[in-house]
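Below is one structure, written out as structure tokens; comments come after it.
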């Protein structure tokens, strides 16, 4: 007998974020989605042109043209127009796209996509470390334009701002978050006004809108053009957030915000800086802040600092979200996940991730000291993630197309993939300048994620090899039962349909069986949310035992007591009164096998991660005073 929980399907995305109007959604997208790419003008053009010794108008116009057309091709075409189509039930991001890419695939192709997707997600952590450091530093560097005597204060003030930013994470950003949209709207308006005024003074800069300037620059300086791509890509930082945050605001709001406000403001700002450099090449020391009048510099530094805090908040929240997805999909050990809002379910806080990010960001600020030094490190993380997205999109978007439409998809995505390869290749040459940092972070996180996934898979395979069919076992056990005790025993199991080790240990040591036995398995679907009518499935195993499977999406937090309340309503014959219910869990200790399935260092790493993962009781919200843990050793 199978049962599915009753209830109307729930639109999870609407439940999480349902603003009352299109304008509210667009304003929210400005504050969350576009903070990173919106603060790129602080450092991008300076990083592009600072290495050219004798800056000429042709250099300025050529680089501006390349920058503008990359914005149009990579952001407007690739992300806003195409990649946003690859949604996993309304959700985006590397791991959501990975789940779509591997769906229905087996063998080597599936394994390669998983490896690529995990490495792309791992590189995102490098981005999450660099973005707060480079953004806040670049904003505060404006105080050296206000007064040279203030320059030594840039790093100390940046450290204070960053510590404060990470300190407030545990309290949530609900109240302050309502200001993010208006703050970024003011920021983009400021970019447009500053840039527009400079263009009005030097309208010749608009010639760079013609792609001929980009092609001419590439033809005349091919090597320089390729290497400059490593800096021009800084204008694209944050493009990945458009896709990752699709679940919060929806495709239409993100597209409207980009074309109506963000793209025009960025274009005006970059071309405004170019206009200033055409008149005064010496302004390359900080073209963004030198666009402003002296009387407005202090206010601009303050606004820029607040805008970079908003941008940093977006990537910190993104790191929390990616980690939760990785935990739910089995790529990361269980971690403590706290909700900071009773209304917004998407507002979460992971203490361990927050602490590690803070330490990493502070080290980066002290190590690199200024935004220019961090620029090389930034580009590698960004282009690596973008390349991953392109490959996964190549595996997803043409899938349901046939004939000429499929060929068109392949050609278009192939061309975009070539551009991403060029951008990534240009940043490989910057590994020695700082690109080693996100590469190192990516390799470390990738190794951790693959080790955890491999270890869990080996444990599951080991249990499957030693499996005993649950239905037959319970039928035989009830035919010759041990002593029965009152109440209900709930056995958590990884493999539904097989006898859980905790039951065998309980029978061996305690020699009793409860009046009611419920075998409970938690399943995470390859979709972000599961509707309430699909929350659980029930099968009757024997006269006094049942098998329950509770289903969650990869963006949901398991809540076993809440799910059991639904089971109790549907199955009143099972005694699930909390005070008469005991949970039996297995606690495994990894030891070396005679023929190890993992290298010694990987086995030690997996065992360390397992010991330090959040306990099952806390992760599944099970009352600890109702839990019996059965310790056992497993060989790897």
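Note that Cβ sites are derived from N, Cα and C of the backbone, with glycine treated the same way.
Of all ranges given (179-199, 326-346), Swiss-Prot attaches the label transmembrane segment to 179-199.
In Swiss-Prot, the transmembrane segment annotation falls on 57-77 of the listed ranges 57-77, 78-98. Taking Swiss-Prot as the reference, the stretch among 148-168, 463-483 described by the feature transmembrane segment is residues 148-168. The transmembrane segment (258-278) is not in contact with the transmembrane segment (409-429), judged by fewer than 3 CB-CB distances under 8 Å for residue pairs 6 or more apart in sequence. Panel annotation: around the transmembrane segment (348-368), residues 128-130, 132-133, 136-137, 155, 158-159, 162-163, 166, 169-170, 172, 316, 319-321, 323-324, 335-340, 374, 377, 434, 437, 441 of the same chain, lying at least six beyond its termini, place a Cβ under 8 Å from a Cβ of the stretch. Counting Cβ pairs under 8 Å to the transmembrane segment (431-451), the stretch among 217-237, 287-307, 377-397 with the most such contacts is 377-397. Tertiary proximity for the transmembrane segment (377-397) is limited to same-chain residues at least six positions away from its ends with a CB under 8 Å from its CB atoms, namely 74, 78, 82-83, 85-86, 94, 97-98, 100-101, 113, 116-117, 119-120, 123-124, 126-127, 130-131, 134, 230-231, 233-234, 236-237, 239-240, 243, 364, 368, 409-410, 413-414, 416-417, 420-421, 423-424, 426-428, 430-431, 433-439, 441-442.
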